[in-house]
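Taken from Swiss-Prot, the feature transmembrane segment applies to A:14-34, A:74-94, A:105-125, A:137-157, A:186-206, A:241-261. Feature annotation from Swiss-Prot assigns domain 'ABC transmembrane type-1' to A:70-261; the stated evidence is sequence analysis.
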Amino acid sequence: MKRSLFGRVWPNVTAVVLFIGLVFPVYWMFATAFKPTGDIISENPVWFPTDITFEHFKTATEADHFWTYVSNSLIVTVCAVVFSLVIALAGSFALARMRFKGRRGFIVGFMLAQMAPWEVMVIAIYMIVRDASMLNSLVPLTLFYMMMILPFTILTLRGFVAAVPKELEESAMVDGCTRAQAFRRVILPLLAPGLMSTSMFGFITAWNELPLVLVVNKEAESQTLPLWLTSFQTVFGDNWGATMAASSLFAIPILILFVYLQRKAVSGLTAGAVKG
Amino acid sequence: MTVQTERPPSGPSDVRKADGGGTGGTRARAASRAGALAPYLLLLPAAAATVLLLGWPLVKDGLLSFQNLNMAQLIQHVTEWTGFDNYKEVLTGEDFWRVTVRSIIFTAVNVVLTMVVGGLIGLLLARLGRVMRFVLMIGLVLAWAMPVVAATTVYQWLFAQRFGVVNWVLDKLGWHSMADFSWTGSQFSTFFVVTVLIVWMSVPFVAINLYAATTTIPDELYEAAALDGAGMWRSFTSVTLPFLRPFLYATTFLEVIWIFKAFVQVYTFNGGGPDRLTEILPVYAYIEGVGNQHYGMGAAIAVLTILILLGLTAYYLRIVLKQEEDEL
């Protein structure tokens, strides 16, 4: 089927326009972060920064408590992801490989748990955390972030575990492995891409979380980067250069992780869903 | 940003049914009692965490909604039960209903826009050549990957009253009254920016998923349609669309949930302002409960919000749960 010139041109033109629309906010964030203040506050926008400056990044990283927020965010996010992976791995193995009463109930339960409206549960969580005298601590944050990503992790890993051929495990057991050994030596290595992609999505969720930390941690020592970023503007007023530098610093880990892992992860997810 | 949900598990369970029945079944029967307990032990940590960290807050939320819990009670640690007073106050007040209607319209507009734009981009991806598809994919992935708090901050800058690039472009295009326009100044303009933001960040998920789905449509179907004399439009409506329907349902369902709960975008962009005119239910619950320190009221609003969300998604939820049960 030969298409007319117009029929061949318009999809490409639309694609270019869409590309610009999609990328521009991300580009503008980085561009502003690197521009000298004079170019940011100018009557006509400077589309391509020519004088590169790191001054705004300096302002952002030298802001009060910046490194505390960075380390808090990292601790909370990494711990939440690791805990939920460990817990989910055990659970997903049972769900994918074993037959038992109530299995269906567990799966449906986790599916419902995945929909939990955490945004509106913050008041109840605040009361629980307060009654446990744990306000302004990283422990409750870690636990609840773990719970936010746990259902997704279990359900996804279940797909990946099921995708590992049963025969591999069985032949390992014929060769004298116990079930636990077979799991560790045969299944676990094959699960690597699955673990990677699920942990990536967990990482993004926990790294981004705002409503809970907003309510339970009022002291700077226990706050995380999303909270810092939202309050940044109140502190720095109309200093858009520094604000965009802060946004860039916050976004860079996720952008790198996502772009690097996206293809692997998505192909991993689809492989997990299709192969068997 | 929790993405790629629901779908992966549904595939393998088919497969498992095919090969798992025999060996799994006999092994379970032959296994010792300890073996029979194994799955429950393996699931114990996950189940315990869910009950403790999700179940308990939900129950607690229900309990709080029947208490008179304001600043004073909070400080003195006293529990005052008030029965249905909170609910009475919320449900008879005008605010709650206004916010509810606003939330539902907000969700509907955003979901429809996201699905239409995302669906069209998905179809466009299928039609593009390799190079342009790759380029567009890069754009989609970048927008998708952008953390929501950072994205909201960037949109504040794009739509800033002074030196904001959007106002500059509108001015240059001849709409001079927009040169110094304050986007956070009115209800409509605030919602407009939030909608652009949400559609921008939600479209990639829909587009990439739908594109992936179109690649699984067998070519034979199109060939058969062409043999039967179907034109472009006809083969679209009778091959592409029916094939994509389950994907469309699933993504719409997820988008409804995500957009209905869009606390971060609305709260960060303008704090529910001006004059509390852009509060949607989660923001309303937060501002009434935590902001104005009517914790009991906030809890009641939260319970009602959860019920409304369940109501909005009930239709699809039933299908999903039924499917899952059939598959197992």
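Including glycine, each Cβ sits where the backbone N, Cα and C put it.
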Most Cβ pairs under 8 Å with the transmembrane segment (A:137-157), selected from A:14-34, A:74-94, A:105-125, A:186-206, A:241-261: A:74-94
Dominant neighbour of the transmembrane segment (A:14-34) in A:74-94, A:105-125, A:186-206, A:241-261, by Cβ pairs under 8 Å: A:241-261
Recorded stretch, among A:105-125, A:186-206, A:241-261, maximising Cβ pairs under 8 Å relative to the transmembrane segment (A:74-94): A:186-206
